[in-house]
Each structure stands twice: as structure tokens, then as C-alpha cells.
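Participant: One structure coming up, written as C-alpha cells, with questions to follow.
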Amino acid sequence: MNGLIAAGFGLAAVYLAPVTSALISSYGINSSFMILGIGVLIIAVPLACTINNPPAGYTPEAPKVKAGKAPVVTKTPTDITWRNMLKTPQFYSLWIMYAFAASAGLMIIGNITNIASVQANLPNAVYLASILAVFNSGGRVAAGILSDKIGGVRTLLLAFVLQGINMVLFATFTSEFTLIIGTAIAAVGYGTLLAVFPSITAEYYGLKNYGTNYGVLYTSWGIGGAIGAAVVGYSMANGTGFGLAYTISAVMMGVCVVLALVTKPITEEKAESLKASA
């Protein structure tokens, strides 16, 4: 479900980018923002009013057991507060993984047209933005499905390995075809983050304080954007183009792989001790 919802976020660029470009060409920047804002008020606000929170204390029914199959073992909800969440090493592991992995994806997203011009001599590769949006959204749906089957951390591990290899090879993507492949992989790797990390937050820390807990974890996404921009700036300042930026990103993805291998869910005993100390 997280993957499907996150896909809507990613697909916005497919239609908003050309619509915004057309509006700016016809009406200018200020009027375009006014038109887009009015559109959000007319469309998004009424839709948001149709969403209701479940009743207090609501818990979903346990899945029904099919004939001939063993009953599904469900984990007792942890419902850890954000303050207690900060006392767990898992939070910092997740935070670093989110920040480092997001920085690689955001670096490609924010610089893809410049990369295309410098590496592949494609000065008008605006279509790569649409490729990013499509594979970003598709990656979120696919990651959500995969996460349900093999678990969130394992899904992240696959994404980290794929993105790390992609960063190692990205400097060699000097043709239009290879650059499209690299862009698609970067988008899938980035999209995976926004589908899986919310689920892991709920799994590790419960649903009761999910909004606050994920909000705290999501600060890593903002820091990731700053890291990506700083890495590109440092690479350019050293006269290496984007090459050094790819190398640094590959190293960060290596760190993410290691953290994904050692990060384990919070035990029920630890969760109970945290709640008792609150």
C-alpha cells in the first residue's frame, strides 16, 4: 500500500513538469504559481477532506488462515514514542541509510540534464526527467510488493547494491542508451526508499506514534539532499566533473549495504523496557 501511495507522489512530475513549463511560457512564473496553487485548492483539498482516521484503538483483523496452511504469526505492536525511538541504535542506522541513499538518488535527479550534456553530449535531454518520474514511481510500487514478500530491510539491501553498482558505472554512461539505463536504475533505487522506509518505521516502532516517528526519520531525506548537492559541488570544485561525486556516492551506498546487513528489528523485550522507562 505504501508503494502505491508513494507512486502517486513520484508520478506527479510526469504531468506537472510539462504543464508547468507550458504555463510559464504562456503566463510567466508568478501567474503560473497562482494557477497551480488554485488547482491544488480545487482538486487536492476536497479530496483530502474525504480521508478519515480510523476509530481510536482500532486494530485490523488478523489474516484468515487458509485450509492446509499454518496460522500466520503476528508480532505484538511496539508503539514506541519518538523520544524512546531515539534511544535505539536501529533509528540511527535507518537514518544514515535513508540520508546516504537519498543523496545518491537526489544527486542524479537534480543534475540529470547537466550530466546528459557533459557525459553524452545530449544538450536537450529533458525527456530524462520523465524517465526518472516513471521509474521512480514504478520502483515504489515494485519495492512495496517485494517488501511484503521478503521484508523491508532485504528490499533496501537489494536497492543499495543495485544503486551502488550504478554509481560505480555511471561515469561510463556516455551514450544515450546507457544513460537512460543508468537514469532508470537510479530512479528505481531512489523510489524504493520512499516506499519501504515508512513500512519499516511502522514495523519497528508501531502505528500509534507512526506520524511523529516517521517525521523524525524523514529529516534524513532533507539532509540527503544537502549531501548530494555538497558532493556535486565538491566534485566540480576539484575539476573532476561528476566523476568524484559518483565515487563518493558509491562509497555511501557501500555503507548502506553494511548497515542493512546488521540492522535487526527491535526485540519485544527491548520495546517493553523502553515503554517502562517512559
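The backbone N, Cα and C atoms fix where each Cβ goes, and this holds for glycine too.
Remember, TrEMBL labels are computer predictions, not curated facts.
Summarising the annotation, TrEMBL assigns transmembrane segment to 32-51, 92-113, 125-143, 155-173, 179-202, 214-237, 243-262. Sequence annotations record features per position, and here TrEMBL assigns domain 'Major facilitator superfamily (MFS) profile' to 32-278.
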Participant: Apart from its near flanks, which chain residues at least 6 from the ends of the transmembrane segment (155-173) lie with a Cβ under 8 angstroms of it?
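Facilitator: For the transmembrane segment (155-173), the sequence-distant neighbours (Cβ-Cβ under 8 Å, at least 6 residues beyond its ends) are 97, 101, 104-105, 108, 119-120, 143, 146-147, 179, 181-182, 185-186, 188-190, 192-193, 196-197, 200, 242-243, 246-247, 249-250, 253-254, 256-257, 260-261.
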Participant: Look over the recorded stretches 32-51, 92-113, 179-202, 214-237, 243-262 and say which has the most C-beta pairs under 8 A to the transmembrane segment (125-143).
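Facilitator: Result: 179-202.
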Participant: Out of 32-51, 92-113, 214-237, which stretch has the largest tally of CB pairs under 8 angstroms to the transmembrane segment (243-262)?
Facilitator: 92-113
